[in-house]
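What Swiss-Prot records for 1-86, 108-162 is topological domain 'Cytoplasmic'. According to Swiss-Prot, the phosphotyrosine annotation covers Y19, Y27, on the basis of similarity to another entry. Annotated phosphoserine per Swiss-Prot: S20, S23, S36, in sequence order, evidence recorded as similarity to another entry. Positions annotated as intramembrane segment by Swiss-Prot, on the basis of sequence analysis: 87-107.
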Amino acid sequence: MGLETEKADVQLFMDDDSYSHHSGLEYADPEKFADSGQDRDPLWLNSHLKLGFEDVIAEPVTTHSFDKVWICSHALFEISKYVMYKFLTVFLAIPLAFLAGILFATLSCLHIWIIMPFVKTCLMVLPSVQTIWKSVTDAIISPLCMSIGRSFSSVSLQLSQD
């Protein structure tokens with residue numbers, strides 16, 4: 001729009017009168033949740049997803065659309081992002097949480113009952129393997145490398161200028 005220089009936080013507020021209470025369900029007061037300070041991402045795992053309209057759509061100074069177009073597109077962006085996120089979480093959050101739980105349970109089970117016993121077994125066997133490897137190295141590989149080294153150390157190279 002060109003007139004605003006700071007990012008704006010867009011929020012959608014609805015009065016209690018606009019809710020339909022005919023179903024008998026009681027809706028929570030949105031101000032209670034806003035004041036409770038409940039952070040669902042305390043470790044900032046998804047801080048990269050906190051994008052605003054200005055982070056996605058930007059008009060250079062030389063090309064500005066009409067202010068009303070900019071305001072409407074900003075509002076539609078925020079509302080569609082909000083509505084689509086809510087819509088997708090209604091249908092995907094529970095099945096994906098279920099699948100993630102199954103995946104993490106499977107990986108935990110494999111780690112606890114297969115991988116760690118295998119690693120501990122390897123660590124138990126390694127001292128004897130280390131002893132055998134040291135014996136093979138001392139008996140076969142070390143003399144072979146020493147003889148090759150002595151053979152090459154006796155080679156001398158002389159350069160003559162012709």
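Residue 1 is the first one shown; counting continues down the chain.
Cβ coordinates come from backbone N, Cα and C, glycine included.
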> In the topological domain 'Cytoplasmic' (108-162), how many residues does DSSP assign to helix, to strand and to coil?
Replying inline: 46 helix, 0 strand, 9 coil
> Between 0 and 100, where does the mean pLDDT of the topological domain 'Cytoplasmic' (1-86) sit?
Replying inline: 71
